[in-house]
Amino acid sequence: MDALKYDLKQVIFICKRQVLLLFVCIIIEGCMTYAQPLLLTKITDQGILGKNLTALLSSVLFFVAAKVSVAGMGVLRSYEFVKIHNQMFGRLNEKAFAKLYRIPISMYKEKNGMQILQALQTDIQSLSSIFDEIAALSVGAVFQVIAGAVGLSVISPQMTILLFAMIAAKFIIVVFFSQRKKEVVKENLLMNNQFMAWLEEQISGIREMKLWNLYTFQNNELKKLQKKLLQSYQKSAMWDQKYSFCEVSVDTLIMGFLYLLGGYLVIMGKTTAGSLLAFITYCSNITGSITLLIDVRYYFARIKPSAERFYEFLNGKEEKAIFSKKVCYNENDKELIPVIEFCDVTFSYHGQKPVLDGISFQIYQGEKVAIIGNNGVGKSTLFDLITGLYQPDQGIIKIKGKDIRELGLETIRGKIAVVSQNPFFYNTSVIDNIDLGRRNNMEDVVQVCRLSGADSFISQMEEGYETMLGNRGLKLSGGERQKIAVSRALLKKAEIVLLDEATTGYDVDSRKHTMESLFSKQTLVKVTHQEEELRGMDSIYRLHQGKLERIRGGEGK
Ligand SMILES: Nc1ncnc2c1ncn2[C@@H]1O[C@H](COP(=O)(O)OP(=O)(O)OP(=O)(O)O)[C@@H](O)[C@H]1O
């Protein structure tokens, strides 16, 4: 909760101007609220009962002006609160996005992306709503209560004490309901999150659903999940209704009691009808405002589970050493230092049997290396360690003689181009998918596409390089996707190129232009299952049962 308080304070500090304006509005509103019942007394006692037309006219005019100015201030206040709300929303969104970038890749393999996003958006909206209308009204309510209490105590101090005692009883009811509501909302958030994750999975696997005729089966699953979700919604709505019933009943009891007492005082000649009218108006102002203030507790009970979840996410695990410390190279040593070096590296997923077990090897500048091995032996894992997506349990990985933790993950990733087994495509144009981050000019893009062989099919597309690729690039064939991914790697002009079965979808003609010739100047490491791809390699390693065995070359320099 400290983190939330910190963010709230920061937002309030940034929006000083809006906060100042709000206070001005609230003070004016408070004064006007205070004046209204007094004017009512004047209208009734002096104007109507005293038959004084001048007093009646002037009091009515002031009364109307006070009412209109309160309404005007309300509009201005809501407008300023929207600005503060947006500031909070933007701040939390940016924090969440930065965290999403820093989270270890392993978390994305365990959780569905939609599940993470849905939880984040719910929480951010919920937290930003602190500055919504309820907040605007409740801040104003504080001043209205003060103004009302002053007015009431002028008319009847005894009845004011009685009123506040009854309001205290109401507070106890709210405390009870807020506790229950918090639990129900927590359950609600969890169910909703699970439901959205399940739905996202169905959309991602829609092809399988069709091909395996899974609709009936999945529809039954949907009904089961939906039943639980709706039960949880119903529970939440019921608590709102129960709360609202108790609230209205207590308010009505308070007002009824005050009418009885006030009426009795007028009948006994201890107060005037105008004063009773003013008293009742103050009371309804005060009870309304206090209800709002007490409701804030109930309202926060709804926000608290989101706040806990959001800040737990922000404090969660993240990649270490993303940014580099200052590292100096001795230019004379450049040729002698291995470009990639593994020193006794061991790695396992979640403490299971090691996938890589005490591996050591060196790859030198310009070397072309192939890594072979059966499925699941850890070839892709080895690449993920080089790029720092996973950290070794033991041992050190060096790039150009420096520990990658020292270099910083952003620095090493800047030196490496990866073509993975399943490259990701954004739902943007071809050019945007090749020139990721838009750092190059069109000529360079076309040039690399000619080299990779992608240009021939891109130029036949309806809008050429501006053609939209569709959801996750699904409009492209497997081979076309790989050619675009190779073009990306060429365009990056990185010192190290890692190819993970990058050309499995290439046709016979395309295979003529080997990756070694395309990346002739770079240090190249490729994972392959195809024997023909081993030709022309300087070194070949086989990965087997966690160990790396050199089959050919690799003597280094
Ligand atoms: N996120 C993960 N959590 C747990 N285990 C994993 C994870 N990713 C991979 N593995 C396991 O680690 C082992 C090595 O996987 P990896 O993808 O590196 O194999 P590979 O040699 O590239 O296989 P292939 O030739 O089939 O592509 C496999 O047994 C795999 O099941």
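Cβ coordinates come from backbone N, Cα and C, glycine included.
Among the features that TrEMBL reports, domain 'ABC transmembrane type-1' is placed at 20-302.
As annotated by TrEMBL, domain 'ABC transporter' applies to 340-557.
According to TrEMBL, the feature transmembrane segment maps to 20-41 (among others).
Residues or ranges marked as transmembrane segment by TrEMBL: 53-76 (among others).
Within its own chain, the transmembrane segment (134-155) is flanked in space by residues 22, 25-27, 29-31, 33-34, 37-38, 74, 77-78, 81, 163-164, 271, 275, 278-279, 282-283, 285-286, 288-290, 292-293, 295-296, 299, which lie at least six positions past its ends and keep a Cβ under 8 Å from the stretch. Annotation source TrEMBL lists transmembrane segment at 134-155 (among others).
Long-range contacts of the transmembrane segment (161-178) within the same chain, counting only residues at least 6 positions beyond its ends with a Cβ under 8 Å from a Cβ of the stretch, are 149, 152, 239, 242-243, 246-247, 250-251, 253-254, 257-258, 261, 283, 286-287, 290-291, 294-295, 297-298, 300-301. Positions annotated as transmembrane segment by TrEMBL: 161-178 (among others).
Counting same-chain residues at least six beyond the ends of the transmembrane segment (248-267), those with a Cβ under 8 angstroms from any Cβ of the stretch are 156, 159, 162-163, 166-167, 169-170, 173, 273, 276, 279-280, 283-284, 287, 291. For 248-267 (among others), the entry in TrEMBL reads transmembrane segment.
A Cβ distance under 8 Å defines the sequence-distant neighbours of the transmembrane segment (273-294), meaning residues of its chain 6+ beyond its ends; these are 33, 36-38, 40-46, 49, 134, 137-138, 140-142, 144-145, 147-149, 151-152, 155-156, 159, 163, 167, 170-171, 174, 247, 251, 254-255, 258-259, 262-263, 265-266. Taken from TrEMBL, the feature transmembrane segment covers 273-294 (among others).
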Local confidence of the prediction over the domain 'ABC transporter' (340-557), expressed as mean pLDDT: 90
